[in-house]
């Protein structure tokens, strides 16, 4: 007897639109407060507190490690019950962590506060939002993910200049109290919006026609995560992510080293946010014109080229702003490549759990990146040298990336067996 399994319909258009709008706004706030503020404030914190800059950045590295530790648990929690409680609770914990950052009397207290904030990062940054839109977006998931990352790409554009503006009248502690207040306001909005049913099982059909269920009764992660292809994809994303996020943290001091003021360098970082948006606007055309492996290599190459260019171009300022824009564009498309890495290769089966594993690896890479980059720059006395090393790491990611057996997965459709 034939058995028909339902396609992934997703939410009604109006409901999905509301979810996308709320996630867009909350992602801007989450990334802006928890991530993009520190690259601007770190030199001021180190100078005023007489702390080593590398130790200030190491505190943020600790936050990323806590985020990595929590990401697999968060992924499985979302897999089982949805993102509502995870994201709303994470916003409150993150706000509490930033209050701790603002009031820390010692470097040890500063590090502990960042550990608290880091435990919230896995619950409020991209991966939970990606899981929500992958589940609720149905066949419109790529459009929803693109819209989310387009708007969220403005986080640095909004918050880097805001931090540079606030630090003069309020100091770095007052600036972080403002950031904590803004982040806390997202919690009730997330709770009120992410209330939609979380389905137990859906079906997706890869190119070769083999259907897989998205969520088993036990919620266990499928053996996909143990395959060489999966591990190589994760490693490649991690290498390029390491290069990319270290470059974000080192950009402001690099540009100051090249003669720009701190405010101008922060503005250049914000211009990179505009580049992220523009890069993501181009993603639909890139996706339509290429297979998953080809476009992933293209994006990785763009990260390497822009990072290498920043290592060797000394000026003028307009050229440095242009390179920041180009690096932001590469960074923006990388985020979408990361968001669709699982679905493009293995479908939506247990997406939240598999993506939690990917996110854990990337968070470890992101945790090491700012500290390692800063340590190299301090030891060598040259941020340009650090950018050169980051270029080599991005190129290694291209080498590690496997050639996929399937270029893409089709949208889910009914399966008759």
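Backbone N, Cα and C define each Cβ position, glycine as well.
Please treat TrEMBL annotations as automatic predictions, because they have not gone through curation.
If you take every residue in the domain 'Major facilitator superfamily (MFS) profile' (18-409) and average the pLDDT, you get 84. Annotation comment: TrEMBL describes 18-409 as domain 'Major facilitator superfamily (MFS) profile'.
Marked as transmembrane segment by TrEMBL: 20-39 (among others).
Residues or ranges marked as transmembrane segment by TrEMBL: 51-74 (among others).
Marked as transmembrane segment by TrEMBL: 86-105 (among others).
Look at TrEMBL and you will find 111-133 (among others) tagged as transmembrane segment. Below 8 angstroms of C-beta separation, residues 19-20, 23, 26-27, 30-31, 34-35, 58-60, 62-71, 73-75, 78-79, 82-83, 86-87, 89-91, 93-94, 96-101, 103-104, 141, 144-145, 148-149, 152, 186, 194, 335, 338-339, 351-352, 355-356, 359, 363 of the same chain, each at least six residues beyond the ends of the transmembrane segment (111-133), sit close to that stretch.
What TrEMBL lists as transmembrane segment is 145-168 (among others). Through the fold, the transmembrane segment (145-168) approaches residues 20, 23-25, 27-33, 35-37, 39-41, 44, 126, 129-130, 133-134, 137, 174-175, 178-179, 248, 262-263, 266-267, 269-274, 276-277, 279-281, 283-284, 328, 332, 335-336, 339-340 of its own chain, all at least 6 residues removed from its boundaries and within a Cβ separation under 8 Å.
Remote same-chain residues near the transmembrane segment (174-194) are listed as 18-19, 22, 25-26, 29-30, 32-34, 37, 41, 82-85, 87-89, 91-92, 94-96, 98-99, 101-102, 124, 132, 159, 163, 166-167 (criterion: CB distance under 8 Å, separation of at least six residues from the stretch ends). The transmembrane segment annotation in TrEMBL covers 174-194 (among others).
Feature annotation from TrEMBL assigns transmembrane segment to 229-252 (among others). If you look at the transmembrane segment (229-252), the same-chain residues 6 or more away from its ends with a CB under 8 A from one of its CBs are 36, 38-40, 42-43, 57, 156, 262, 265-266, 268-269, 272, 296, 300, 303-304, 307, 310, 324, 327, 330-331, 334, 337-338, 341, 345-346, 354, 357-358, 361-362, 364-366, 368-370, 372-374, 377, 383, 386-387, 390-391, 393-394, 396-398, 400-402, 404-405.
Sequence annotations record features per position, and here TrEMBL assigns transmembrane segment to 264-283 (among others).
Per TrEMBL, the feature transmembrane segment maps to 295-313 (among others). Remote same-chain residues near the transmembrane segment (295-313) are listed as 236, 240, 243-244, 247, 251, 254, 286-287, 319-320, 323-324, 326-327, 329-331, 333-334, 337, 341, 384-385, 387-388, 390-391, 394-395, 397-398, 401 (criterion: CB distance under 8 Å, separation of at least six residues from the stretch ends).
The transmembrane segment feature in TrEMBL is assigned to 319-337 (among others).
For 349-372 (among others), the entry in TrEMBL reads transmembrane segment.
If you look up TrEMBL, you'll see 384-403 (among others) marked as transmembrane segment. Beyond the ends of the transmembrane segment (384-403), by six or more residues, the same chain brings 228-229, 232-233, 235-240, 242-244, 246-247, 250, 254, 257, 293, 296-297, 300-301, 303-304, 307-308, 310-312, 373-374, 376-377 to within a C-beta distance below 8 angstroms of the stretch.
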Exercise. Is it true that the transmembrane segment (86-105) and the transmembrane segment (319-337) have 3 or more Cβ pairs under 8 Å, skipping pairs fewer than 6 apart in sequence?
Worked result: no
Exercise. Taking residues 6+ outside the transmembrane segment (264-283), which of them lie with a CB under 8 Å of any CB in it?
Worked result: 36, 39-40, 146, 149-151, 153-158, 160-161, 163-164, 248, 251-253, 255-256, 317, 320-321, 324-333, 335-336
Exercise. Restricting to the same chain and to residues at least six past its boundaries, which positions have a Cβ under 8 Å from a Cβ of the transmembrane segment (51-74)?
Worked result: 38, 42-43, 45, 86, 97, 107, 110-111, 114-123, 125, 127-128, 249, 353, 356-357, 359-361, 363-364, 366-368, 370-371, 374-375, 378
